[in-house]
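Visitor: This is the structure I have questions about; it appears just below.
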Amino acid sequence: MSFCPKTKVNNFNSPVLIAAIFICSIGGTFQYGFSVSVMTSPSMVNESCLHRYDRILEEWEVSLIWSFTVSIFCIGGLIGSLIDHWHLFSLRKRCLLLNNFLAIFGAILMLLSRTAISFEMIIVGRFLYGINSGVGLSAQTMYLTESAPKKLKGMVGVTIATFLSFGKFCGQLLGIRELLGSEKNWPWLLSFNGFTAFLQLCTLPLLPESPRFLLLERGNLQAAEKAFRKLWGKKDYTKEVEEMLEEKAAIQGIGNCSVLELIQNRRVRWQLLTIVIAFAALQLNGISAVYFYSFDVFRAAGIKENKLAYAALGTGLCEVSTSIVCFMIIESMSRKVLLFSGYMGMAATMGVLTVTIYFQVTATTVPLPGEILTQSFKSAGYTVGCTINWICLFVLGALFPILVNLGNFCFLIFLAACLICGIHVRFNMPETKNRTALEISVEFDRMHSKDKASEKKKSSGICEIKVQQTKL
């Protein structure tokens, strides 16, 4: 490939890649975050039933319907992540493109729900939003991480979480009464995802397909070179292309592995365990519970009713700010250190919060599957991770009202989850920064080898991976 041999990239100066991040994220994790934060008040359920059935629901009935409305989003996300495993075997961009129709159809139901006086339409629309988020979470992450240069992969990965946080913040901002949170405008608030989906639908065709996907899975060198040049510009990425070709040679003749094959393959069991723990801790760190039941949490903390929306807005702004800081420092720090310090910091925060409430004192995760698994396992790895993510989110959304009965001690559960993930990252996960998936696989083998003889074979680790994968 005839890349420019002298130019090197040390900063984020690829305009098409920046556009790809915005286009993919605005119709991907932005919608996920927006849907998580925008459902904060069950009043519309009671009003709808009063108008249609001429009766006021009891408090437990409203809570039951609202809990189901909140949780149905997670069920849709789980289904979407499972569907996405099969669609990712085809083109990444096409998967993202078709996914927008689910959000648009769901938005139409949301917009018409008030005219039809039907909260059931809201439930169906939220279910479709969930499927859209489940597909988009995996597809967007794979497309962006496969399209980014190795030196920028960490920064690009953080933008996925940044837009998720930005979506949460926008949902809270638009949800205040002065904007779309009023009785008259709430259907427009719930249907906002349709506008972002339409924006992605119009702009996504301008982007190329994932170059890594074209090279490693389609074997189309000419199309991959064209995608490289369009996304990265005229820069010297010969070494990265050579690494991709080396990985292609190592997995030659091996197709995409299924989830069952990933689970059964002992060679990648530590990578799989890392993915499961990291994605579970992503939800069990406690922040999602705050967004699902933000008004209840702040109301219990003694904040006045007319200030609840602004308190929730402050929470979203803090998360966006933290994500931006992480974006700025991720390429100057170790991935392992960031994950470990982040979860230990959250564990400490949960401990302090438990103590302060008792006495009445008034990380974004790195896209691990894309870094620690070779190409043949990536799709299955994202499916497993996202499935764990949605299951934990569903369980948390359903059980958090019960956990609140534990009082201040409910935060100890989140503390334990953060501690477990932090300890696992510290002792069982190698550094991934500026390493290829093959190099990381060899490092996992070295860390968890039971006999010293295996370390002598480190130099031939790439060949061993090929032999083990061929046995599938």
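Every residue gets a Cβ built from N, Cα and C, even glycine.
In TrEMBL, annotation is done automatically, which means it is predicted and not curated.
From TrEMBL, for reference:
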DOMAIN    21-472  domain 'Major facilitator superfamily (MFS) profile'
TRANSMEM  12-34  transmembrane segment
TRANSMEM  64-83  transmembrane segment
TRANSMEM  95-117  transmembrane segment
TRANSMEM  123-144  transmembrane segment
TRANSMEM  156-176  transmembrane segment
TRANSMEM  188-207  transmembrane segment
TRANSMEM  272-293  transmembrane segment
TRANSMEM  308-330  transmembrane segment
TRANSMEM  337-359  transmembrane segment
TRANSMEM  379-402  transmembrane segment
TRANSMEM  409-427  transmembrane segment
Visitor: Are there three or more C-beta pairs under 8 angstroms joining the transmembrane segment (379-402) and the transmembrane segment (64-83), sequence spacing 6 or more?
Guide: yes
Visitor: Per the definition of 3+ C-beta pairs under 8 A with sequence separation of 6 or more, do the transmembrane segment (95-117) and the transmembrane segment (308-330) touch?
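Guide: Output no: the transmembrane segment (95-117) is apart from the transmembrane segment (308-330).
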Visitor: Out of 12-34, 123-144, 156-176, what stretch is closest in contact terms to the transmembrane segment (188-207), meaning most Cβ pairs under 8 angstroms?
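Guide: Between the stretches 12-34, 123-144, 156-176, 12-34 has the largest tally.
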Visitor: Using a Cβ cut-off under 8 Å, which residues of the same chain at least 6 positions beyond either end of the transmembrane segment (123-144) come close to it?
Guide: 20-21, 24-25, 27-29, 31-32, 35, 39, 68-69, 72-85, 87-88, 92-93, 95-96, 99-100, 102-103, 105-110, 113, 156-157, 159-160, 190-191, 193, 197, 210, 213, 367, 370, 378-379, 382-383, 386, 389-390
